[in-house]
Each structure stands twice: as C-alpha cells, then as structure tokens.
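Please read the structure below before turning to the comments.
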Amino acid sequence: MLSDIVNVWSQQGELPLDLALKSKNESIAATLVQHNADINIRDSDGEPLLHRAIKRGDSFAALFLLHYNCDATLSTRSENDSALHLVAGSTYLEDSEKIAEKLLNKSLNVNAQNKLGFTALHITIQADNFPIFKLLLQQDQINVNLKTNEEHTPLYYSLLKYDIDITTYTDDLLKVGAQTDPIYTSHCCSDLLQTLIIGAVRKGAAYLAKYVHSLNHVNIEGESALHLVCERNYADLSSVLVKLGANANLLSNELRQSPLHYAVKNNAADCIKTFIDHNQNIELDNKSDNRINVNFNLRDINGDTPISLALNEGYNDLVPLLIEGKADINIRNGKDFTLLHQAIMKEDSKTSVFLLEHGVDINAITSENETPLQLAIHCRLPEVVDALCTKGVDMSAPDRLGNCALWAALDSDQEDIANILVRHGADTDCWGEGPDGCRQTLLHRAIDENKEHAAIFLIRAGCDLDSPRMPGPNGEGGEEANDGLSPLHLCCQWGLESVARTLIEHRANVNTRDKDLKTPLHAAIENQHHELISLLLSVPEIDLTLRDKRGLSPFAAALTSRNNKAATAILDILPTAAEQFDNKGQNFLHVAIKQDDIESALFLLTVQVDVNSRVQDALLTPPIHLAARYSSETLIRSLLLAGARVNDRDGGRRTALHIAAEAGNAAAVSALLQNDADYDAVDMANDNALHIAVREGHLNVVRVLLTESAINAELVNLKGRNPLHELCKYGKENAAAICELFLECMPEYPIDKQDVDGNSPLLLAYINGNGQLCRSLVKANACLATENLDNVSIFNYQVASKQLLVRLLDQLSQPATWTKNADSCQECGKGFSITVRTHHCRHCGRALCHKCSEQEVPIIKFNENKPVRVCQVCFNILKTGST
C-alpha cells in the first residue's frame, strides 16, 4: 500500500515527500500528505523536513509544510536550532519574512536558544538579516538581553558591526531597552564595554561608552575599562573615556596600579598623551563637570609612580612625556629611590641628564646614604657625573663607606670620571679618617693601599705632596698619626718607584724629615729599594748630610743596613760622606770598628777612607786603637794592611798595644807585635802594655807579651811600680797564675823590689788580702820582713785575723831571706847601735834586737836540729801552730 512506503528513505537518503517538494510538485506532495506522509519526519541527521527546506533555501517547501501544520517547534538534534534560528541566519531564503511570520504565528518561542545559547535575534545580527531582525523586535515576547553560552547579548554582536560601520542594529536594540553593561561572570566579571575593549572592538566600545551606566566598573582584578584601554594603547578610546568622565585614578586590586601605570607598563605613549591633553583641557576650560584630573603621581603597591615605573621597565622615552604631564620629578619609589637614582642605576645617561636639565634634586640621598654623584660613579656614567658637577653637586659628601667622590672614582679605576671631578674643582686632598682614627689625604691612602695609578693621578692633579698624616680632632690615631712620614717617605717604605718618581717630577721635597728626622733616602736605604735610592740620588737638591735622631746620615744608614751599593753611590756624589763625624766625634770607620762590623769596615777600607782619622774627642783615638779594643784580629790586620800606623798614640799617649792589653784582646796583641808594634812604648803614666795587662788580670795577654816580645818587665812607672807591683796591688783572682807565669818566664825577676813607697810585691799582695798571690811569692822565697817607708810589714799590718800570716809562715820550706839594712828592731822598734846588736829570726828573716829574738827552737823543716834564735811569732807557730 502507498501509505506503507511514503515514509521510507531511499538508500540515497531521499524521501518521496521531500523529492516532491524539491521539484515543487504541490499535487504529488499533497497526495503524499493525504496518504499519511509524515511532514515532521527526521532524516538520518535528525533534521525535520522543514529544517532541510530552509537550509537549502527552499521557501516553497517551507511554506507547504507550514501550510500543512508541520511542528514548527522542532529543532535539530546536533545544534538544537529551531526553524526560526535557521530563517534568522538564511539571508538568501526567498519569502523569509513570510516564513518567519508563519513561524511566529504558530506561537513559536521567539527567545528559544540553541545549543550555543544563541536566540534568533543573536543570529539575525550575526547574519546581518535586518528584515528578520526588525520582525523579531516587533514581537512582544522578545528578550533583547538574553546571553549566549559565552554570555554575549545581542547588543554585543550589534556593536561588533560598528567596526564595519553598521550601526542600525545597536540603535534599534537600545531603543527597545537593551542593557548597556551586562556582566560577564565567567570572564572576571567584566562588563560589555570591557569585553569589547578586550576584543579590540574599538568603534563599538567608543559608541557604547556614551550609554553605559558606569564607566568605572571594575572586574575581579580591579581593572576598569580605562585600565584595559591603556594596556592596549587605544589612545582614541582613552580620550573618549576620560572625556565622558571615566576615573583615571582607580587602582587595580593586586598591584594597586592606575590606568596610567598600565599605560607606562605597555609603553602606551599615545594614551599618556591623551591624559596630558585631558588635564590641560580641564585646566583651560575651567568648567564644573564630571571630568577628573589624571593623577600622574599615584603610587602602586611597590611605591612606584608611573614615572618611576617607566624607568624600571626601561621605557626611558616615556620619562619626558610624564614630566610634561607634571609628574613629580623628585618623587621616590617604594625602595626610596628618586627618578634620578633609578635612571642612574639603569645606566641610562640620557634620561639622567634629561632629569638634571629639568631641575631634579641633585643631592637627594638613598636609604644607604648614597648621593646621585656616588651612584653615577658606581655605575660608570661620566656624562652624568659631568652634568651633576655642572649643576654644583657636593663633591665632598662621603658615601656610606666614608669615601669621597674622587676616591670612589679612583678606587674603581675610573680616571675619566676622576678627571671630570678635578676639572670641576674636587678637593684632591680630601682629608679624612685614616688608620686608628688619624687624619690622612687621598694620596696617603692611595700609597698605603698600593694603588699606584690613583696616587699618580692625585699628584698630577695638584694634591698636597709633602704633608704627613695628622692626629684626629681629639688626638686619635696610633703610630701613623705622629710618624711624620710624607708621601715620599711612604713610597720609599713600600717601594713604589713610579709614584715616587711622579712626586719628584712635581717638586716634592726630597729632604723632608719624619719624627725620627729621617729623610726619604733613609727610608729607601733601610728598606733596600735600590731603584728608589738611585732615583733620589739623581735629584740635584738631595742633601746627603742630613742626620736622623740616631745621628745617621744616609751613608751611615747604608752601612748600617749593609747596603754597600747605596753607600758607594752616595760616595760617588759626596766623596767626603765617609768622613763625616757624629755627635760623639766618630766617623763611620770608628763606628764599624766599635761594632766589630767587619763587612762595613772592609767596605770602608775598599773606598780608601782615612785609616788614621781620629775620634774627635779628648782622647783622639785612632781607628787602630778602637780595633784593638773592640774588634777581631782580622780587622786589625786589615787596618794595618790599609796603612794604619801601628804605633800611633791617642791623647793619653797610649798605643794600640796598650789598648789591646787593657781590653784583654790577646789576638790583637799578637797581631800588633807581629806588625812591629813598639812593645816598650809607655803612656803618660809610664805604663807599658805589661803594666796594664797585669793590672786588668789578662793572663793570655801577659803570656803573649812575655813570650812573643822582649818587653821590659821590670819597667817602673811614674808611681814607682813595676808590673809585679801592679799585679800585687790590683790583682784579680788569677793574679797568682800571672805571678807564676812571670817567675816561669823570668826566674831571676826581682820579686823583692820595693816601689816608691817602699812596698814590696808581697806586702802589696798581703795588704790586698790576696792569699794565693802571697803564697806564690813566699814559695818563690820572697822576703817576708820587708817594711815600707811607714815601717809597715806583713807582721804589723792591721788585719782582722792573722790567719794568712800564720799560713804564710807555716808554708816556709826554707829560711826566709833576711832583712837588710834595718835600722831598728822590726818587733819592738829599738834602734840598733854598737851596744844593741842586730839579730835575725832564723825562720822569718826579720831583723830583731836581742830581747825580741831570745827564744830558741829547733826548725826541723829547715833541717835545723839545734835550737836557733826566732822571734816570738815564729816561736809560737813552730811550737803550737798559732800566733
């Protein structure tokens, strides 16, 4: 039957009714409908016949189906589009208005939304289907503010047409109550105006701005339409918005930035210009309206104003523009930096100079107490330094480390900047704090820190060349504050030859003296800086006679420090330097000899100093005498080889042999004797060398004199004493050994010879309490009973104890020598005469009267077995062992 096949789709997807409608065969189509053809049937894609007809632009088929009351509410399964949606979008469909009217007459939902949320009204605007658009607006039920899934109202799409100059849709929508500021909740709560701006719909946004209720609506980020405009540099829109009263001073939420900040961040110079023009217009118009001045000095969360933000972002070209807008040129950012600080730290010389030309504060300091000048030096910006100096910046202000600008430049090897500073009058001395609080110049510091280039620069720039460091205001400072060292002294200490040369070239005083009266040459010599020594010696003004506190001239200093090269160089310039005398009357040879400084002495001999020059004092001591006292045999022989007079005498008529004997210098004595020294020479006291040697107790010297020369050992001096007398009178602990040496070398030596006072050697030894020496003399059979001119002998000399006398008498191993030519008894003092005969004690040899020698006793130790005459003293000793 026909009714069974009318609704069957062919393999090609064709339907009888649809084929009849396509061929516009109304009768067949009607017949098929009469035989139950389904006018609402869907194809394999789920589209009803009405939708298929509209899509292929078949108004005949659409009207036929509507005539036979097809279901106009059906929609596509995939897009959920109704027939009205399709008609709204079909600009090529004939009788579209008639179809739309029929659809609307069927009570179709005029506000129905497809899968994307579009109503027919949305689609008519998008498809530019104005007739249907007008038809839809005439419907009472039409909602012109419905939103798509993306929250767009029809007004949004109408405004999109503005950029292609189609304006009628917008006007008509506004007339029927379209909302001008719908909110996009899924897009940061932006309103329609902001959405248009984000979409770059600039003409539509400009038009809409006139109708929105609030130009200052902000999204979730706190951004107004003006923020977004400035972010995109839409200068035309920014101009429109501020003219309409938009607030350009609103701040975003997180960064608290104004539209002007946004303009700066995005290098939107055109927007900034519109703000400047806006402010100027307000100022010129002087009207009371809703326009608000743009604040060019608002701070963001970091404390940055638009102008400081421009510098931070590197948009330096915006700075002049912002200044034109009356941005505060001295305002500080959140880090307490001014614009000038920021420009300098960005190493932007052009902007820095521009700021300076516009009156920026040139002495503003950072939180770390750094001035723009110090920052410019640190950032190596000579142009900025020059501009700052031209503006009169304070060049002496210290930085946080206490450094002045000139030192900061020199310390960082920026000679070009240093030159700029000096050209503008910077203080090249800049007295400041030095070690331990003393006061010092930059030159002192440069030398002390071994910064030669800095020091040379300062010298050439005209700094103080000679002043030493000074104590601080309250006397602060250690050794450096009072050492009196000039810059040249310091150079000579540290070996800075190039700096010293520059100082000398600029007429620094080469003869300046420190607290110890040392010159720079002294310092160079003491520190062995040969190049500096040569440099100083080449200066015509050098004074080689100046002495330090120790009395050392430069030549003496050279000798003291073993700097023979320097000493030779000084002698080349001043041949008499080696002959200079100190305050003690000594020249360098004298000093070297006294210090047994063989190296210096030999050096002086090689330069042929006068080896016979005397010390300029009362003694007039020659060098050979000094060598005999203080030096070794080697130096004495060297002096003699160099021409020293071996028998030269000093002011006391002493020869070197006398001096060597006194000093106990046996090697010197030997050397002198070997070089024909006069061993019998006597001094003013008529002492020969042996007198002096025994007096001083120098056994080795005595041995040399007695064994290596024919010295007169019996010579009597002016006091009538021979060497043995001197030994007994002044003998030391080794006097007995010397006495035995005498007797060993001279067995026939007259040991009983009396001096001018009648004292025998034994009596002198006894008076001095030298028991060992007494025993040596008694052993040699010295006369015990000898009396001096005061009739004093060892028997009657007043001593605390007679123990020594007892021991001497007890020691006798042979009869003592008898006293000769005695005039009286040596015990009682009775004079001898014809009636009073002279007797002798057979034990001690004293001359006694009869009464004082009447005791008799045999002396067994003398092999005297028969009793013989003895004195009372000897009797007691021989009988009892005591007196």
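Positions of Cβ are set from backbone N, Cα and C atoms, glycine also.
Note that TrEMBL annotation is computational and uncurated.
Keep in mind that this is a model prediction, so the values were computed, not measured.
Some features that TrEMBL has for this protein:
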type	residues	note
DOMAIN	819-879	domain 'FYVE-type'
REPEAT	12-44	repeat 'ANK'
REPEAT	79-115	repeat 'ANK'
REPEAT	221-253	repeat 'ANK'
REPEAT	255-287	repeat 'ANK'
REPEAT	302-334	repeat 'ANK'
REPEAT	335-367	repeat 'ANK'
REPEAT	368-400	repeat 'ANK'
REPEAT	483-515	repeat 'ANK'
REPEAT	623-651	repeat 'ANK'
REPEAT	652-684	repeat 'ANK'
REPEAT	685-710	repeat 'ANK'
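Assigned with DSSP, the residues of the repeat 'ANK' (685-710) fall into helix, strand and coil as follows: 18 helix, 0 strand, 8 coil. Confidence over the repeat 'ANK' (221-253), given as mean pLDDT on the 0 to 100 scale, stands at 90. Within its own chain, the repeat 'ANK' (302-334) is flanked in space by residues 255, 258, 260-261, 263-265, 267, 269, 272-273, 275-276, 279, 294, 296, 342-343, 346, 348, 350-351, 354-355, 358-361, 364, which lie at least six positions past its ends and keep a Cβ under 8 Å from the stretch. Under DSSP, the residues of the repeat 'ANK' (335-367) split into helix, strand and coil as follows: 16 helix, 1 strand, 16 coil. Within its own chain, the repeat 'ANK' (12-44) is flanked in space by residues 2-3, 5-6, 52-53, 56, 58, 60-61, 64-65, 68-71, 74, 77, which lie at least six positions past its ends and keep a Cβ under 8 Å from the stretch. Long-range Cβ contacts of the repeat 'ANK' (368-400) within its own chain (Cβ-Cβ under 8 Å, at least 6 residues beyond either end) map to 338, 340-341, 344-345, 347, 349, 352-353, 356-357, 362, 406, 408-409, 412, 414, 416-417, 420-421, 423-427, 430, 432.
Within its own chain, the repeat 'ANK' (221-253) has Cβ neighbours under 8 Å at 188, 191, 193-194, 197-198, 200, 202, 205-206, 209-210, 215, 259-260, 262-263, 265-271, 273-275, 277-278, 289-292, 294-295, 298, 300, counting only residues six or more beyond its boundaries.
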